[in-house]
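As annotated by Swiss-Prot, topological domain 'Cytoplasmic' applies to 1-9, 82-85, 145-148, 201-218, 272-281, 325-345, 416-479. Summarising the annotation, Swiss-Prot assigns transmembrane segment to 10-30, 61-81, 86-106, 124-144, 149-169, 178-200, 219-239, 251-271, 282-302, 304-324, 346-366, 395-415. Sequence annotations record features per position, and here Swiss-Prot assigns topological domain 'Extracellular' to 31-60, 107-123, 170-177, 240-250, 367-394. Annotation comment: Swiss-Prot describes Asn48 as N-linked glycosylation site.
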Amino acid sequence: MAWNTNLRWRLPLTCLLLQVAMVILFGVFVRYDFDADAHWWTERKHKNLSEVENEFYYRYPSFQDVHVMVFVGFGFLMTFLQRYGFSAVGFNFLLAAFGIQWALLMQGWFHFLEGRYIVVGVENLINADFCVASVCVAFGAVLGKVSPIQLLIMTFFQVTLFAVNEFILLNLLKVKDAGGSMTIHTFYAYFELTVTRILYRRNLEQSKERQSSAYQSDLFAMIGTLFLWMYWPSFNSAISYHGDSQHRAAINTYCSLAACVLTSVAVSSALHKKGKLDMVHIQNATLAGGVAVGTTAEMMLMPYGALIIGFICGIISTLGFVYLTPFLESRLHIQDTCGINNLHGIPGIIGGIVGAVTAASASLEVYGKEGLVHSFDFQDFKRDWTARTQGKFQIYGLLVTLAMALMGGIIVGLILRLPFWGQPSDENCFEDAVYWEMPEGNSTVYIPEDPTFKPSGPSVPSVPMVSPLPMASSVPLVP
């Protein structure tokens, strides 16, 4: 089918309306929190506080790292498609910029409402980045198959559902999930896989050539992987309690990521008949350990336990890219462009299960009395809880997350199927030239034009595409 991809009026109006709405809502609801307010100086003198006791100095280094992950790490990780680099980085930038504003509001209404105002400080910025990181994860499943308007609409609903699910897990079920294995990775992976199933494209084979990578595009994607890998310890520890919990979260993530690299490389080589490595596995499966250790990051997992998690996830994630992704596409019609099920979905579920087991097995011998109370917040509402009770509620949290993801994905997928969002035709997926002004000599694909907003009859055959980037297979080998 041919679609009208001319967004001259629709995209500007959508962006401007959303931003005007954000300005109005921020004006009505949002104010600085105490540590960011000018009145802090008065309180500082009254309580004899030091400047370094401001929350900013504790949290901002972690915020910087998470911010880099969202805009550089996830953005460049998706540049592996040979003709979709502009869109991968540019659309990631767009949806993240909108998402952090909407996340500050949605999370503020659930968690940071004081009277009639949402108070915003550096911890809010970290939580908003967490929310947007999950949106970037979800973007990977529909990469190359949706319009920027669809991405903005999807971000609006995703952030809303994320805030609701996060509130249920953290506030009602009292789940521990410092690194977001459940609230971030599991939720958005299966939310977006459900959306992808509903947006199934029967003739996507027509764009199969552009769905592959090139030597340069894989190199750019590897830059994204390295940024994510380096900063993931900050991601998993960013909102943990100061002191031992935050320290432990960084160590556990560090160990899990390291083990994951070795097993990913081992399995990738073992599955190739000549023992060669697949760059897709190295770009993605090497990060699965950081995803899976998220829930248990601040628990007394022990370094060897973190290594075991990374070891297992490196194997499972790589096997998923080789066997599970093709199965999902051919049998279940789930067209997962980036393989987010293997990097985020399955490792997220593993993380949720390991978190439940680790919580249920917590003991006074391992944590100490004060440490157990502090680590699991066994006070007030939870003062009569045992470690087994905590483990049971961790499982409830995982089940609620999966249910929310599936139901939300169905609803949002049906909305995105409407024909007036400017989505590309099947023969023009994974192509920057559909939505971007390309440098001279690079735009060689024919883009069908349809003056209506509805699908037309049989699609116009496209002119054969000439890629400006050499395919990996066509790069001459140096003897």
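Placement of Cβ uses the backbone N, Cα and C atoms for every residue, glycine included.
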Are the transmembrane segment (282-302) and the transmembrane segment (178-200) near each other by the rule of at least 3 C-beta pairs under 8 angstroms (pairs 6 or more apart)? yes
Considering only Cβ pairs within less than 8 angstroms, which of the stretches 86-106, 149-169, 346-366 has the most against the transmembrane segment (282-302)? 346-366
Just to be sure I understand, if DSSP states are collapsed into helix, strand and coil, how many residues of the topological domain 'Cytoplasmic' (145-148) fall in each? 1 helix, 0 strand, 3 coil
Residue numbers, six or more beyond the limits of the topological domain 'Extracellular' (367-394), whose CB comes under 8 Å of its CB atoms: 173-176, 241, 244-245, 295, 298-300, 352, 355-361
Using a Cβ-Cβ cut-off of under 8 Å, list the residues of the same chain that are 6+ residues beyond the ends of the topological domain 'Extracellular' (107-123) and lie near it. 29-36, 55-56, 59-60, 63, 131, 163-164, 166-167, 171, 239
Applying the under-8 angstroms CB criterion, which one of 124-144, 219-239, 304-324, 395-415 scores highest with the transmembrane segment (86-106)? 124-144
DSSP helix/strand/coil residue counts for the topological domain 'Cytoplasmic' (272-281): 3 helix, 0 strand, 7 coil
Out of 61-81, 251-271, 304-324, 346-366, 395-415, which stretch touches the transmembrane segment (219-239) the most, going by CB pairs under 8 Å? 61-81
Whole-number mean pLDDT, the topological domain 'Extracellular' (31-60), equals 76
